Amino acid sequence: MVKSGTIILNTAARFLMPLQLMFSVFLLLRGHDEPGGGFIAGLVAAGAFTLYLFAFGVSATRELLRMVDPRDLIGVGLLFGMVSVLPAWFMGQPFLTAQWWTIPVIDFKASTPLIFDVGVFLAVLGSVMGMVMALMEADKDEP
Amino acid sequence: MQLALLMGFVLAAASPLLNRWFGQRASLVMAIFPAFLAAWLISLAPSVVNDGPMLLEWQWVPSLGISLSFLLDGLSLLFGLLITVIGTFVLVYAGGYLKGHADIARFHVALVAFMASMLGLVLADSLFTLFVFWELTSITSYLLIGFNHTDIEARKSARQGLFVTVAGGLMLMAGLVLLGIASGSWSLHEISQMEGDLRQHALYTPMLICLLIGAFTKSAQFPFHFWLPNAMAAPTPVSAYLHSATMVKAGIYLLARLHPELGGTALWVGILSLVGATTMLTGAFLAIHHTNIKKLLAYSTIMALGTLTMLLGIGTEYAMTAFVTFLLAHSMYKGALFMVAGILDHETGTKDVTAMGGLRKLMPVTAAITMVAALSLAGVPPLLGFIGKELMLEAALGAGSFRPLIVLFAFASAVLTIAVAAIIALRPFYGQRQSTPQDPHEAPLSMLLGPGLLALGSLLVGLAPGLLGGNALLTSAAIAVSGQSMDVSLSLWHGINLPLIISIISLGLGFLVFKRWGGVRSKLAYLNPIMRRGPEAGYEGFMNGVVLFSEWQTRLLQNGYMRNYILVMLTVLIALIGNSILLRHSPQLAFELDVHFHEVIVVGTMAMGAIFATISRSRLGAVVSVGIMGFSIALVFILFSAPDLGITQLLVETLTVILLVLVLFRLPRFSNLSTTLERIRDGVAAASLGVLVFLLIMTAWSIDQFESISTYMVENSVPLAHGLNIVNVILVDYRALDTLGEMFVLALAAIGVIAMLRLRPVEDDDSSAVNGGKPNAKEPYDG
């Protein structure tokens with residue numbers, strides 16, 4: 001159904017996708033202070049891969065993702081979400097209490113909410129990509 | 001104490017391993033556990049009898065005030081000893097009975113888990129603990145009745161037992177919650193020491209009725225008695241243990257436990273006496289219908305359970321003494337008789353007593369054990385059963401209300417019980433030797449040990465009740481049941497009095513019934529059409545009704561058409577929220593229009609998109625129009641300075657359009673299938689929803705009952721959460737638990753979509769995949 005292989009789309013996708021992915025990481029990291037965050041970043045990243053998918057098709061995208069199956073991303077995302085709970089637990093504080101550390105050299109604020117946000121990012125990316133790819137593949141099966 | 005219980009469940013989990021290590025000796029190895037527990041309980045007995053109840057507490061969920069606490073008083077001690085001692089015998093017996101069975105490990109898992117649950121039930125002090133263990137006994141009982149899972153009858157009986165007891169369990173939960181509310185405590189010993197009188201409480205009647213239904217279903221009281229004879233589909237060790245000596249007495253235990261706090265009112269006395277007496281007579285009467293030895297015993301167990309309930313209803317000091325004595329006597333002789341029934345079944349290959357005869361010479365030990373146990377059942381001196389029956393008759397004669405009825409029922413049941421005892425003791429062992437499916441031999445020692453010791457116990461305790469502190473234990477149990485101090489001193493000889501005369505008359509009449517048993521049965525066969533309309537028919541009708549109703553509502557609501565799901569959901573939403581808006585709030589419809597020109601344009605675009613989406617005749621056009629609406633909404637968010645929402649809305653909208661396009665290509669061409677009426681209906685539903693949302697917004701806008709929490713969030717965003725973006729702080733910090741939940745929802749939805757797309761039916765494959773979730777599989781309900 002989706003005709004892949006038009007020159008403009010192919011060329012655009014090739015250049016846009018890395019930019020979009022970088023942008024999504026940027027959104028993810030700055031999300032705590034300025035507009036952005038895991039959910040938005042996940043959607044942007046999913047948009048990047050979907051663009052690539054439209055341009056080059058499912059098998060090319062699978063090759064791009066190599067070992068990573070979108071369904072695994074969902075699980076890893078949930079795992080990050082759960083792991084971010086553990087530090088508070090070891091400190092004897094209530095469930096999900098945020099913990100903050102500063103990494104000295106680069107003066108970066110590391111925290112459990114950030115781990116949690118990465119989990120949101122991965123879960124959103126995995127869910128959207130999983131659904132889109134399943135839809136595309138379902139389409140391909142038909143004669 | 002919790003360690004002892006925990007050990008039980010650990011042992012249950014380990015039993016497959018033990019079976020591998022010890023092979024056929026695994027039963028014997030596992031029997032060490034209840035034997036050890038019994039010894040431990042006996043070692044605690046002197047201090048319980050002399051110093052009163054022991055209490056052990058362990059915090060479970062401290063923030064909710066739920067503790068795993070245990071109470072050991074005379075009543076729980078008596079039950080605990082029955083559970084552990086008979087449990088030991090049953091495990092040893094099961095080793096012989098199921099020798100070489102492929103699934104014996106599975107049997108051990110369920111049986112030992114049941115043992116631990118039952119022990120937990122009688123030792124529980126917290127109402128929560130009590131309920132959890134109560135349900136565990138129902139579940140393990142289900143697994144044990146359905147042990148022969150290839151047999152449809154066994155599965156059906158297991159399900160029936162589960163449904164009846166678990167439905168009762170729900171009532172029990174309601175009753176326990178009411179009890180907790182009325183008394184203000186979740187601990188049994190605190191409730192027993194309370195100042196106020198629960199009988200005067202406004203919740204007394206509903207609470208009592210809920211608790212009674214729970215107890216009656218568990219203890220197979222009329223009209224819930226029908227599941228117990230069907231439960232005889234279980235292997236015989238299970239019948240001997242669960243369905244005569246222990247689990248069915250859980251309801252009786254609960255009634256006895258609550259008797260000091262709730263008993264004695266007209267309601268309690270009336271319900272318990274009448275239900276108990278009816279159950280007693282029903283059980284005894286139905287018993288002589290059957291020639292299957294296990295059914296005979298099952299109905300006579302129902303008779304005994306009815307007797308115990310009736311005694312609790314009578315509630316006099318005599319009745320309490322009779323209660324504890326009868327309880328002990330019944331557990332001993334009925335456990336022994338069930339195990340004997342298993343031996344007969346095992347050796348002859350039939351359960352029909354009329355097909356056996358003359359086995360006395362081949363199985364002399366079994367015959368002797370049966371004789372002793374059956375004499376105790378019949379209530380013949382010098383056995384414990386005699387003392388129990390004398391006390392029961394005396395209590396019946398001393399009943400405060402319904403005395404003539406109770407005495408009449410008790411007399412009739414005594415006659416019929418004697419007939420049952422004679423059938424079991426004489427029929428298989430005397431008379432003409434008949435050919436049986438298998439050649440009978442004397443049973444192995446492992447199968448004779450349990451019933452032999454139980455029968456011996458009936459004899460010894462009957463001859464010398466004071467032996468080994470028996471009187472002291474029963475006194476302690478009776479005090480726990482009655483709530484007053486009293487003294488139990490059993491003796492065989494009470495002098496020539498009314499109960500003795502009744503006993504002698506019933507003995508003669510019972511023997512007469514036995515002599516004419518064949519004739520009686522053929523006469524009773526005339527009653528079969530009436531019997532078929534009993535409570536069991538009601539149960540089956542109800543269950544079939546449930547299935548029919550589910551099928552009907554599934555066809556109506558879950559018919560697989562997207563439009564129907566949406567219509568149902570919207571209608572419910574409109575009805576519920578609309579109702580509450582119109583009745584509870586009157587929305588303020590007056591508002592000032594203070595809009596800018598660009599806002600009008602955005603809203604106008606949105607409205608245009610909506611209108612075009614409904615009238616468009618092309619799918620792509622409709623999708624694009626919906627997209628226009630979404631982007632306009634994003635614009636609104638940005639105009640009102642919510643950049644995060646705006647970005648999110650834009651991205652979601654983009655992805656939605658992509659997903660919709662991908663899906664729409666798979667659909668057939670646009671065509672018009674709805675009638676005009678359906679379209680009007682859909683239009684009304686859609687318009688109502690629009691009006692509802694409008695009203696909702698106006699209502700939310702006009703109500704200002706609470707201070708907005710946004711101030712708090714804005715003020716604390718940086719100091720507490722080190723973040724300037726409040727939306728993100730809310731998502732990952734303030735409300736992180738909600739977000740975590742949403743992540744799981746998202747993941748589940750995605751996995752569901754992927755699974756549905758990947759697992760599409762293959763056209764020429766088997767039809768089950770094609771039918772998928774459609775409710776067209778019409779199977780008649782078989783239980």
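Any Cβ shown, glycine's included, is placed from N, Cα and C.
Automated prediction, rather than curation, is the source of TrEMBL annotations.
Pulled from TrEMBL:
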type     : residues  : note
TRANSMEM : B:29-49   : transmembrane segment
DOMAIN   : B:60-107  : domain 'NADH-Ubiquinone oxidoreductase (complex I) chain 5 N-terminal'
TRANSMEM : B:70-95   : transmembrane segment
TRANSMEM : B:107-134 : transmembrane segment
TRANSMEM : B:320-344 : transmembrane segment
TRANSMEM : B:365-385 : transmembrane segment
TRANSMEM : B:447-468 : transmembrane segment
TRANSMEM : B:565-583 : transmembrane segment
TRANSMEM : B:595-613 : transmembrane segment
DOMAIN   : B:605-669 : domain 'MrpA C-terminal/MbhD'
TRANSMEM : B:620-640 : transmembrane segment
TRANSMEM : B:646-665 : transmembrane segment
TRANSMEM : B:685-703 : transmembrane segment
TRANSMEM : B:740-759 : transmembrane segment
REGION   : B:764-783 : region 'Disordered'
Contact yes or no, the transmembrane segment (B:447-468) and the transmembrane segment (B:107-134), 3+ Cβ pairs under 8 Å, gap 6+: no
The transmembrane segment (B:107-134) in contact with the transmembrane segment (B:29-49), cutoff 8 A, at least 3 CB pairs, sep 6+: yes
Across the domain 'NADH-Ubiquinone oxidoreductase (complex I) chain 5 N-terminal' (B:60-107), average pLDDT on the 0 to 100 scale: 83
Secondary structure composition of the domain 'NADH-Ubiquinone oxidoreductase (complex I) chain 5 N-terminal' (B:60-107) [DSSP: H/G/I, E/B, coil]: 31 helix, 7 strand, 10 coil
Contact between the transmembrane segment (B:595-613) and the transmembrane segment (B:620-640) (3 or more Cβ pairs under 8 Å, separation 6+): yes
Long-range Cβ neighbours of the transmembrane segment (B:646-665) (under 8 Å; 6 or more residues past either end): 619-620, 623-624, 626-627, 630-631, 633-635, 637-638
Distant-in-sequence neighbours of the transmembrane segment (B:365-385), which means Cβ under 8 A and at least six residues beyond its ends: 300, 325, 328-330, 332-334, 336-337, 340, 343-344, 359, 414, 417-418, 420-422, 424-425, 428-429, 442-443, 448, 451-452, 454-459, 461-463, 465, 492, 503, 507, 510
Sequence-remote partners of the transmembrane segment (B:70-95) [C-beta within less than 8 Å, at least six residues beyond its ends]: 1-2, 24-28, 30-31, 34-35, 37-38, 41-42, 44-45, 48-49, 52-57, 104, 107-108, 111-112, 115, 118-119, 122-125, 129, 188-189, 235, 237, 240-241, 245-246, 249, 253, 256-257, 324, 327-328, 331, 335, 339, 342, 446-447, 449-451, 453-454, 473-481
